[in-house]
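Chemist: Sharing a structure below in structure tokens format, with a few things to ask.
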2 protein chains.
Amino acid sequence: MKRKNGKISNAVIRRLPRYRRYLRELQKQGVEKISSNDFSELIGYTASQIRQDLNNFGDFGQQGYGYSVDGLYEEVSKILGLDHDYKMVLVGAGNLGQAISKYAMSIIDQGFQLCAAFDIKPELAGKKVEGITIYPYEELESYVSENQIDIGIICVNKGNAQEVADKLYSAGARGIWNFALVDLVVPEQVALESVHLADTLHSLAYHMNDIRRKSSGAEGKKK
Amino acid sequence: MKRKNGKISNAVIRRLPRYRRYLRELQKQGVEKISSNDFSELIGYTASQIRQDLNNFGDFGQQGYGYSVDGLYEEVSKILGLDHDYKMVLVGAGNLGQAISKYAMSIIDQGFQLCAAFDIKPELAGKKVEGITIYPYEELESYVSENQIDIGIICVNKGNAQEVADKLYSAGARGIWNFALVDLVVPEQVALESVHLADTLHSLAYHMNDIRRKSSGAEGKKK
DNA sequence: TAGATTGTTAATCGATTAACAATC
DNA sequence: TAGATTGTTAATCGATTAACAATC
């Protein structure tokens, strides 16, 4: 992977997993090569954008031919860091936490292993969610550092999320997958990805109402 | 709410739930008014952007004074369509579906009510997830139309997601909250919000590796 | 070689930020 | 009224798209 210099914009990064998904589909269908034009039609980005995006990371194509599906899939996987495994812990085994842990458990085959869960409620200690033991919150830091955990999944309520993030960092975790509805502040050595589920639902609500307004107000055309 | 003409960009919409969250916090703290400058410091958008964003929807502020926290909270809620309730069904009660349903159940107080779940597996019919009955998949359309369901939550595997979306639409649902890892195509009368959890995790992996590369390659400075 | 298609530079578009007149 | 702060226009910045020379 011949990485070029300069910072890659986040817009590009967010498209990479999607490129990878479509490449995987093509691979399954036995397609060997694809041109940026054909790929454009499939994935819905312009051919120009596809070439620009990929060229941030190297010259993966071949003029007059296109891109090798297998090769590009491997490259994109490598760029994303999916060529090695990640150990994760879940913090907060309440409603949302149990929900997410269920999902997290199901992607071990994709290189993400959920190793343990933690909760501040003493009565949960020793119990299991989806086969994963819940430990007392006090043991979080020692567990993370001793077991070289890479990623902490934060599912505590928003008032405690920042403290959990701080603990995860000081114990050595370098990735935080945050589901608490709060905007965390983390040192630049930590990668943070927040999934604000409620925000996405609210955004959905907006669009539903926007569509309704448009269709009902089709006659009234306000200035 | 004095809506101005012209299309609002999606970037703006995605910021609205965040404005609302911070306004709620301010409200709780008993803050009565806030200027775009102070709000900027709190929320991390520029004051200019805040004023631009809000002015897409109306003149909510008062020159020389600022914005009323209560008033603006109400306005943003209304813009998002959170001044009325939504009835939802879950489709796909497998791993991810049960995970999401747990979460969906917990936000009824916020105007989102999960009414029923559906699954194609006959052995799940009649069972309950989190207090919600699972019905046979065949009954999806009749249930949605009879109960005037607004939103369908899609948690089936990607091969079936498009069919589910089509059924939800034809039965009258006008919002789709999609968790299947596929890009759905829906008529423009339907609002679609996809949460590709795996994509966010992959994006997190990228950033973790990016940080690692930078710190380890700090000496090697490639051209 | 001729045709196809990339890699890359230039042009365009849209979103963010800055500036300031309007006004409370 | 004077000071503060919005609403809005203009300037800047960044991301997307178009164009085309390089090259397989």
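Note that the numbers count up from 1, one per residue, in the order the chain is shown.
The backbone N, Cα and C atoms fix where each Cβ goes, and this holds for glycine too.
Annotations in TrEMBL come from automatic prediction, not curation.
TrEMBL lists A:18-57 with the feature DNA-binding region. Taken from TrEMBL, the feature domain 'CoA-binding' covers A:81-183. The NAD(+) binding site annotation in TrEMBL covers A:Gly92, A:Ala93, A:Gly94, A:Asn95, A:Leu96, A:Gly97.
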Chemist: By the criterion CB under 8 A from chain B, which of the binding-site residues A:Gly92, A:Ala93, A:Gly94, A:Asn95, A:Leu96, A:Gly97 would you report?
Modeler: A:Asn95, A:Leu96
Chemist: In the same chain, who gets a Cβ under 8 Å from the DNA-binding region (A:18-57) while lying at least 6 residues past its ends?
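Modeler: Residues 1-4, 6, 8, 12, 65-70, 72-73, 75-77, 79-80, 82.
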Chemist: Which of the three DSSP states, helix, strand or coil, fits A:Asn95 (NAD(+) binding site)?
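Modeler: A:Asn95 (NAD(+) binding site) sits in a helix per DSSP.
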Chemist: As a quick check of your reading of DSSP, tell me how many residues in the domain 'CoA-binding' (A:81-183) are helical, how many are strand and how many are coil.
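Modeler: Grouping H, G, I as helix and E, B as strand yields 40 helix, 29 strand, 34 coil.
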Chemist: Can you tell me how the residues of the DNA-binding region (A:18-57) break down into helix, strand and coil by DSSP?
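Modeler: Helix, strand and coil residues of the DNA-binding region (A:18-57) number 28 helix, 2 strand, 10 coil.
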Chemist: Let me check the 10 A CB neighbour count of A:Ala93 (NAD(+) binding site). How many other CB atoms are there?
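Modeler: Excluding its own Cβ, the number within 10 Å is 27.
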Chemist: Which residue, of the binding-site residues A:Gly92, A:Gly94, A:Gly97, has its CB surrounded by the fewest other CB atoms within 10 A?
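Modeler: Sparsest of the binding-site residues A:Gly92, A:Gly94, A:Gly97 by Cβ contacts within 10 Å: A:Gly94.
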Chemist: Out of A:Asn95, A:Leu96, give me whichever of these binding-site residues has the highest number of other Cβ atoms within 10 Å.
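Modeler: Its Cβ has the most other Cβ atoms within 10 Å: A:Leu96.
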